[in-house]
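K.L.:
This structure is in structure tokens; I'll ask about it shortly.
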Amino acid sequence: MNIFRLTGDLTHLMSIIVLLLKIHTIKSCAGISLKTQELYALVFATRYLDIFTTYISLYNTVMKLIFLGTSFSIVWYMRRHKTVRLSYDKNNDTFRHYFLVLPCFLLALVLNNRFTVREVLWTFSLYLEAVAIIPQLVLLQRSKNVDNLTGNYVFFLGAYRGFYLINWIYRYFTENHYRRWITWMAGIVQTALYVDFFYYYFKSWKNNEKLKLPA
Amino acid sequence: GRSHEGKDEL
């Protein structure tokens with residue numbers, strides 16, 4: 001474990017806490033894409049298949065349980081909770097997320113480290129996580145003004161994989177035989193998708209104005 | 001923990 005990866009994990013956890021706070025306290029999911037939340041639940045479900053078979057550390061297991069639990073409860077809140085579901089912006093959250101699932105699965109079948117069920121699903125979860133934010137970014141551009149909590153949620157979500165990129169560079173130079181081409185490619189694509197969001201996020205923060213993404 | 005082919009990351 002290094003400081004970059006720990007910061008990345010905590011930033012990821014922060015993004016989920018910001019989202020849960022928004023949904024749980026003000027009972028609203030306005031501006032949040034259910035499609036992206038469903039994709040994240042699928043990402044964790046296919047990535048943490050070995051949660052009960054491979055023990056790495058208490059931290060690792062606890063964090064996996066937190067990510068699984070929070071991602072599924074967010075989907076539940078947005079689909080089932082009597083008040084929260086009313087604020088779901090169904091008309092603008094229309095990105096066909098299965099258009100992302102299928103290509104990621106096909107790519108995982110072709111481009112993986114080992115052709116086993118678990119490895120293909122794990123690789124699928126990496127590819128899917130890289131593009132899972134797209135429905136959310138599309139929704140942000142469609143919803144006129146972005147509230148602070150949603151903006152902060154997307155910011156922390158983008159920052160976490162950015163810290164992972166630094167972690168991979170650090171591990172590449174400090175651990176011999178640390179080669180993760182597939183992980184690195186997916187991580188670079190994932191972070192690159194946030195670049196324009198980061199630009200507008202910092203610009204709005206510098207000019208102290210409301211965050212608005214150009215359509 | 002030992003890296004299980006890179007699976008020691010979340």
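Every residue gets a Cβ built from N, Cα and C, even glycine.
TrEMBL feature annotations, pasted as is:
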type     : residues  : note
TRANSMEM : A:12-34   : transmembrane segment
TRANSMEM : A:54-77   : transmembrane segment
TRANSMEM : A:98-115  : transmembrane segment
TRANSMEM : A:121-140 : transmembrane segment
TRANSMEM : A:152-170 : transmembrane segment
TRANSMEM : A:182-202 : transmembrane segment
K.L.:
Between the transmembrane segment (A:152-170) and the transmembrane segment (A:12-34), are there at least three Cβ pairs closer than 8 Å, leaving out pairs fewer than 6 positions apart?
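P.N.:
These two stretches do touch.
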K.L.:
Six or more residues out from either end of the transmembrane segment (A:12-34), which same-chain residues have a Cβ under 8 Å from its Cβ atoms?
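P.N.:
Beyond its ends, the transmembrane segment (A:12-34) has Cβ neighbours at 63, 66-67, 70-71, 73-75, 77-79, 81, 83-85, 87-89, 93, 95, 135-136, 138-140, 143, 146-147, 149-150, 152-157, 160.
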